[in-house]
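Colleague: Below you will find the structure I want to go over with you.
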Amino acid sequence: MGGLAPLTVVAVVLAVRGSPSKISILPGVQDRLDGVAGSRRGLRIALRGRRDPVPVAGQRSRTSSGMGDQHVRKVLDLTIRLAEVMLSSGSGTADVVATANDVAQAYQITDCVVDITVTTIIVSALPTAESAPVTIVRSVRTRSTNFTRLAELDRLVQEITAGGVTVDEAHEAMDELTQRPHPYPRWLATVCWAGFSLGIAMMLGANWRTCAIAALTAATIDRLGRVLNRIGTPYFFQRVTGAAVATLVAVAAYLFTGEGLAALVATGIVMLLSGLTLVGAMQDAITGYMVTAVARIGEALFLTSGIVVGILAGLQIAKTAGVEIELRVHGSGGFVVPQGPLPILLTVLGAMLAGACLTVASYAPLRSAVTAGFAAGLADLVLIGLGTAGFGQVIATGIAAVGVGFLATLISIRRQALALVTATAGIVPMLPGLAVFRAVFYFAADSHFDEAQSQLLSAAATALALGSGVVLGEFVGSPLRYRAGRIGHLLRIEGPPGLRRAVGRVVRLEPTKNAQSTNTRGQQSRSVALEPASTDHSDAAEDNDRTGGHGGHGGHGGHRDES
């Protein structure tokens, strides 16, 4: 009692002597004792501080599901089927893993492991503690962009995670979903690609003749690409052929009219670049799936090199035919910003047209075209404003892409369109098609290697800014998602989430408490409702400090080693 006064000690001793069987402390002494104890307790807490959660590596973090082998196999087959649809449509790897885990949790498979490396999907679970794990492997052979199928899959996942859907019913829905043809005829997709190129030409400030030629060229490239795809031509040679056609048409138009060369080739390049998964590649890199990210970036670079080869082939054919091409462009230090109300209006309308047409050409629901066109037009308006303020192309493009990512998150929360659809349509009009053509032209026709290198680096930096900017925008908007924050709780629509976006703050879901306590064989095949495992990450961290445990099983948006 070093902190007590001598008078207090005497008072305590006298109190003890006066009543041998019962100790009574004089008034005021108890308060002093409580104060000293509280001070010591506060000092210990301050010195200890908050502890980091115990690493989950090596812990028994997963237990057997207690389900039969047949039920586990059906559920794993369902999860790998929906993962294949998502991955083939360009979804990020972390999104696929999080969604597959949600579906497995809904069918009370709490130990499901989902691993994706490039195009290989592996799902595994432990039916019982004594039995061997059930593992299914599937490889994604083809890539097909069909946003309507993705939207239907989103609704199916919502129904499953809301509870009441049997495994067999989910498989039947997947059969119908995957066997259903595209919602629009091919000619409509071709018309939309023509409208997309028309919008890009409007953004580049082309006149009406150039815009019309750009639309016809895009329709030709699309029909030719379908023929090549039908006979099994590799994507690389499809890109080479499309770029060569765009260049030759542009050279012919330049020969007869003396204008429109750069704009025509640039629209063709943007059309061919639109199929690249820049957003998915950057998301994979940021969320820790480095092997898959490198593979996607490598694929994008490889297909872009096919476009370069096609442009070179077209320019070489023109040179052999004796066509002299003279290209006048602005300096590479910035980008051309439209001046005046009418040019700005036409540019924004072109971006909106391009975004909406790209959405329909990718077979998205019609209501998604409106939101996608709005996102593309707003992004282009931001780009023009930043360019007028003196920002460079790379910085301005990155900031506009952040806005697209945030807007895509907000729209997906209100369930007007999937975030992937809005993000893809929003950034495609800003792809560096003109910079790619300038780089190739300076290298092949003018032999200005320094200028070609500058344009090529500018194109690469712009593409990187687009992909990373969208991911950053989704990261900023992640607190607005399903029960991830107070604002998100106000904005969200009732019901469980469908397809996940695993960038930023992600809420882990688990079966409801009632479902966990009623795990009978008669209810095994029917999905149960999911609820958030934790609404506050800081509370979970405090629980970890007190118990020494870990915050549940991993997987949703976490980093892991693919090697």
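The backbone N, Cα and C atoms fix where each Cβ goes, and this holds for glycine too.
Because TrEMBL annotations are produced automatically, they should be read as predictions rather than curated entries.
Below are the features listed in TrEMBL for this protein:
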- 513-527: compositional bias 'Polar residues' (COMPBIAS)
- 534-548: compositional bias 'Basic and acidic residues' (COMPBIAS)
- 78-317: domain 'Threonine/serine exporter-like N-terminal' (DOMAIN)
- 348-475: domain 'Threonine/Serine exporter ThrE' (DOMAIN)
- 510-563: region 'Disordered' (REGION)
- 187-206: transmembrane segment (TRANSMEM)
- 236-255: transmembrane segment (TRANSMEM)
- 261-279: transmembrane segment (TRANSMEM)
- 300-322: transmembrane segment (TRANSMEM)
- 342-361: transmembrane segment (TRANSMEM)
- 368-388: transmembrane segment (TRANSMEM)
- 394-413: transmembrane segment (TRANSMEM)
- 420-444: transmembrane segment (TRANSMEM)
- 456-476: transmembrane segment (TRANSMEM)
Colleague: I need to check the long-range neighbours of the transmembrane segment (300-322): which residues 6 or more away from its ends have a CB within less than 8 Å of a CB in the stretch?
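Modeller: Long-range Cβ neighbours of the transmembrane segment (300-322): 235-248, 250-251, 265, 269, 272-273, 275-278, 281, 436-437, 440-441, 444-445, 463.
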Colleague: Would the transmembrane segment (187-206) count as touching the transmembrane segment (342-361), i.e. at least 3 C-beta pairs under 8 angstroms with sequence separation of 6+?
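Modeller: Output yes: the transmembrane segment (342-361) sits against the transmembrane segment (187-206).
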Colleague: Across the domain 'Threonine/serine exporter-like N-terminal' (78-317), what does the pLDDT come to on average, as a whole number?
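Modeller: Reported value for the domain 'Threonine/serine exporter-like N-terminal' (78-317) is a mean pLDDT of 89.
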Colleague: Would you confirm whether the transmembrane segment (187-206) and the transmembrane segment (261-279) meet the contact rule of 3 or more C-beta pairs below 8 angstroms, pairs 6 or more apart in sequence?
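Modeller: Yes, since the transmembrane segment (187-206) and the transmembrane segment (261-279) share at least 3 Cβ pairs closer than 8 Å, they count as touching.
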Colleague: Between the transmembrane segment (368-388) and the transmembrane segment (236-255), are there at least three Cβ pairs closer than 8 Å, leaving out pairs fewer than 6 positions apart?
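Modeller: When sequence-distant Cβ pairs are counted, the transmembrane segment (236-255) does not touch the transmembrane segment (368-388), since fewer than 3 lie under 8 Å.
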Colleague: Could you give the residue numbers and ranges of same-chain residues that sit at least 6 residues beyond the transmembrane segment (394-413) on either side and whose C-beta is under 8 angstroms from one of its C-beta atoms?
Modeller: 335, 371, 375, 378-380, 382-383, 386-387, 419-420, 422-423, 426-427, 430, 458, 461-462, 465-478, 480-482, 488, 491-493, 501
